[in-house]
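Below, the features straight out of Swiss-Prot:
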BINDING   Cys28, Cys213, His238, Glu242  Zn(2+) binding site
BINDING   Lys273  ATP binding site
MOTIF     30-40  motif ''HIGH' region'
MOTIF     270-274  motif ''KMSKS' region'
Amino acid sequence: MIYVYNTLSREKEVFKPITAGKINMYVCGPTVYNYIHIGNARSAIAFDTVRRYFEYRGYEVNYVSNFTDVDDKIINRAQEEGISELEVANKYADAFDEDTLPLNIKPATVRSRATEVIPEIIEFVKDLIDKGYAYESEGDVYFRAKKFKGYGILAHQDLAEMEANAAGRLNDEETIRKEDPIDFAVWKNEPREGVISWSSPWGNGRPGWHIECSVMAQKYLSNTIDIHGGGIDLAFPHHTNEIAQSEARTGQKFVNYWMHNGFVNVNNEKMSKSLGNFTTLHDMLATYDDPMVIRYLLTTTQYRRPINYEASTLEQARLELERIRTAYRNLMFRAETSEPGGDEDVETLIEVQKKAFDQAMDDDFNTPNALAAIFELVSIGNTYTERNTVKVDTVQHLLGTIADLLSVFGIEGLDGNEELTTKQRELLDKRVLARESHDFERSDLLRNQLKEVGIFVEDTPQGQRWHK
């Protein structure tokens, strides 16, 4: 059984999909007004890993995520850059795709944009008004939060406290327009010329942020979905408001399992622009040459826990991943000289660690414990390759198991060929030829040239091995 921590109940619950063997999963994507930061990247990687594990366990996952491509932040950025809101959204949506591609994040089944579902949003708002859950006020439409029973339960927020906090954030105009301080906008009036808007029964305007995700989840999945994911900062108000408006409209439970990933801290401090430690994925990729290390780092902590990012943790992640890659290459190397058959003692050890991996991931996707099982496999492989004789079935079993388990983490290309530059490959090939022709002076020269480009070689009775 797979156990999932449900933010709504604050407990780990046995996962039971609505439809056997299938999972409907919605994950909040970014507001595309800037390059995504490392916290956004963590969320994308965390839920990609969850998705991959479900697929590894045989589930068919319908994975929907969004771009919020109409928002105050996008409007402000468009005015700053002197381009249209659509151009801003397209620029940073494309940047998201380009920056997440090297991290090996699987494409969503559907990647929807808010601007693609405006007619559905308007119909949704109409239904809320008809049911008495929303009201129009000077071109804005607000949701009556207190009318929805259980409002705030996801974030375990006290209604009186929410009301006091909301009142402190309102300006005079909002105070006049709202019936209650905690009411939230599902449609916003937009009277300004040249600012993106759509015609509606309440005048020109645009959707509120929260309603966009409700509409996309219902359109591309169903009224009730298995899993809704996002950063913990979205639990209130975003996901709280999604629940209220979705269930008010349909009368059905919106989400069975709410999953939230923790924050990324930078040098043990909360990431923020005011502290000057705001780190975008775009900048990281421009300065760090191995995206898989970034991905690996962001899976070393269980998804609900905060994770610390700094130069030392990135270097530790690089060393750990290189340890795995080196062991994998050594196994591939020994496979070339292996004998037929298998070694039962090692086969048993492999299955023990595979079971340990599954048990860890079944426990609310406990990636640190799952990685521990992978490193046990690495140790088993390292010990095995030191034997004088190895068996092909066992070597292939080790290779296949390590690759399968790491693919759940999105870590692929373990043979290292994809990591090598053309120059590095050429130097390695030339050195093999030099050794075969007993040209040891040239072999040593090539060893030094390889060292200069970051490749270290060692000679063994079975031939040349290399690592970074």
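Glycine too: its Cβ is placed from the backbone N, Cα and C atoms.
Keep in mind that what you see is a predicted model, and the values were worked out from it rather than measured.
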To which of the binding-site residues Cys28, Cys213 does the lowest count of other Cβ atoms within 10 Å belong?
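Per-residue Cβ counts within 10 Å for the binding-site residues Cys28, Cys213 bottom out at Cys28.
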Here are the binding-site residues: His238, Glu242. Which has the lowest count of other Cβ atoms within 10 Å?
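Checked His238, Glu242; of these binding-site residues, fewest Cβ neighbours within 10 Å: His238.
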With a radius of 8 angstroms around the mean position of the C-beta atoms of Cys28, Cys213, His238, Glu242, what other residues of the same chain does the Zn(2+) site pick up?
Trp209, His210, Glu212, Ser214, His228, Gly230, Leu234, His239, Asn241
Run through the motif ''HIGH' region' (30-40) and tell me, per DSSP, how many residues are helix, strand and coil.
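Counts, helix then strand then coil: 3 helix, 2 strand, 6 coil.
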Please classify the secondary structure at Cys213 (Zn(2+) binding site) using three-state DSSP.
helix
Suppose you look only at the motif ''KMSKS' region' (270-274); what would the mean pLDDT be?
72
